[in-house]
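Shown next, in structure tokens, is the structure this report addresses.
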């Protein structure tokens with residue numbers, strides 16, 4: 001029983017570590033964007049290339065951690081048996097923070113980063129940004145649009161399978177249905193944000209007619225980290241407290257039993 005509780009503690013720490021890495025990548029992306037928008041106007045070409053690479057790296061880290069969230073969700077709820085991996089969280093960190101380095105390194109070698117001009121439909125320049133230059137838009141379409149498109153399809157499939165399994169378990173009575181409706185909706189909304197579904201709004205924004213979608217995309221994704229953090233506090237903190245309390249009670253009970261014997 002004590003071994004099961006330690007395994008539960010390990011699983012809980014892994015889940016929290018995975019979620020916090022995603023929140024951390026979102027925080028870095030927001031900071032990189034603020035730094036980029038504030039310094040891109042009068043920077044030297046070399047500095048602008050560095051800012052563009054940092055911003056691209058933070059964006060790819062967010063996408064990669066969303067993909068890892070989907071993989072982890074698949075291992076937890078779909079492939080239940082035979083999923084134990086040693087140093088699991090460390091390996092996830094190597095992928096989540098290391099893979100984007102390779103992509104940004106290759107893009108930097110071919111000279112993809114520089115000053116990018118944001119234009120209106122009348123081709124009037126309204127802002128400058130250190131990003132992937134217009135000459136290397138193929139890099140943007142492959143590393144950003146294509147990469148996220150694959151992640152979105154995979155995470156959507158995982159979300160659908162997990163939802164179907166959850167509904168089937170509740171229908172058969174294998175899972176107790178005493179959870180409140182608002183908590184079930186909160187879990188679904190949290191998974192929706194974790195898997196990065198709000199980023200798919202970018203595929204629906206074309207031209208000036210999609211201005212409402214652009215505002216919605218900007219608002220939802222700028223607050224994605226806050227939504228996830230609130231979701232973690234509401235759903236995980238009571239469980240962490242209860243689990244820690246029950247674990248300490250079990251340890252004290254085992255010590256008392258051993259001493260009496």
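Glycine is treated like the rest: Cβ placed from N, Cα and C.
Curation plays no part in TrEMBL annotations; they are all automatic predictions.
When TrEMBL is compared with the stretches 214-237, 238-261, the one noted as transmembrane segment is 214-237.
Residues of the same chain lying 6 or more positions beyond the ends of the transmembrane segment (54-77) and with a Cβ under 8 Å from any Cβ of it are 14-15, 18-19, 21-22, 25-26, 28-29, 31-33, 35-36, 83, 92, 95-97, 99-101, 103-104, 107, 113, 130-132, 143-144, 147-148, 151, 154-155, 158-159, 161-162, 165-166, 191, 194-196, 199.
Remote same-chain residues near the transmembrane segment (12-34) are listed as 51, 54-55, 57-59, 61-62, 64-66, 68-69, 72, 88-89, 92-93, 96-97, 194, 222, 224-225, 228-229, 232, 236, 239-240, 243 (criterion: CB distance under 8 Å, separation of at least six residues from the stretch ends).
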